[in-house]
C-alpha cells in the first residue's frame, strides 16, 4: 500500500516593518470571550460574585433561615460561590493586566473542576430552597409568619448566580475536551 507522506517545510518568522515594536497584545484563536483571562471571563466571574453575594446577604438577613436546612445550605453554597468567583476574578484581573493567557492545562483543569463543584452546589441549594419556598408559600400558606419575599429573592439570586457560572464551567470543560 503506497501512502504519500507530507513534506515539512520550515517557515521563517516574518520581519516587522514598524521598527521591531512587538509590544502589541497577541490574541490566540482559543481565547474565546468567557474563558479565564479574558474580559468576558472577568464579567462572568463578577456577575457570579455579585449574584451569590446578594443571595447570601438576603438570606442571612432573615432571622429564621437557620431553622430550615435548605436555607442554611443555600448560605453555605452561596458563600463558597462568592469565594471561588472572587478568587478567580482576581486571577482574571491579574492575567488581563500582564496580558497572560490562562490556557495552561493544569490551570484549566483546576478551573473546570472548581467551576463544576461550585455551580453544582449552587444549583442544588437553589433547587432545595425553591422547593421549601414553594412549600411555605403555596402549600402551608404561612407567608404571614415567614420572610417569603426574602426567601424568594435569595433563591432567585442563587439561580442567576448558577446561570452565570454555567458558561464558565462549559467553556473550561470544552477547552479541556478540545485538547
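Cβ coordinates are placed from backbone N, Cα and C, and glycine is handled just like the others.
According to TrEMBL, the feature compositional bias 'Polar residues' maps to 14-24. Taken from TrEMBL, the feature domain 'Casparian strip membrane protein' applies to 35-163. Residues or ranges marked as region 'Disordered' by TrEMBL: 1-28. Taken from TrEMBL, the feature transmembrane segment covers 42-61, 73-97, 109-136, 156-177.
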### Chain residues in Cβ proximity to the transmembrane segment (42-61) (below 8 Å; excluding those fewer than six residues from its ends, i.e. six or more beyond)
34, 71, 74-75, 78-79, 81-82, 85-86, 88-89, 92-93, 96, 122, 129, 150-151, 153-155, 157-158, 160-161, 164-165, 167-168
### Task
Using a Cβ cut-off of under 8 Å, list the residues of the same chain at least 6 residues beyond the transmembrane segment (156-177) that approach it.
30, 32, 34-36, 41, 44-45, 47-48, 51-52, 54-55, 58, 74, 77-78, 81, 85, 103, 105, 108-109, 111-112, 115-116, 118-119, 122-123, 125-126, 129-130
### Task
Take the transmembrane segment (73-97) and find every residue of the same chain, 6 or more past its ends, with a Cβ under 8 Å from one of its Cβ atoms.
36-39, 41-42, 45-46, 48-49, 52-53, 55-56, 59-60, 65, 111, 114-115, 118-119, 121-122, 124-126, 128-129, 154-155, 158, 161, 165
### Task
Run through the domain 'Casparian strip membrane protein' (35-163) and tell me, per DSSP, how many residues are helix, strand and coil.
105 helix, 1 strand, 23 coil
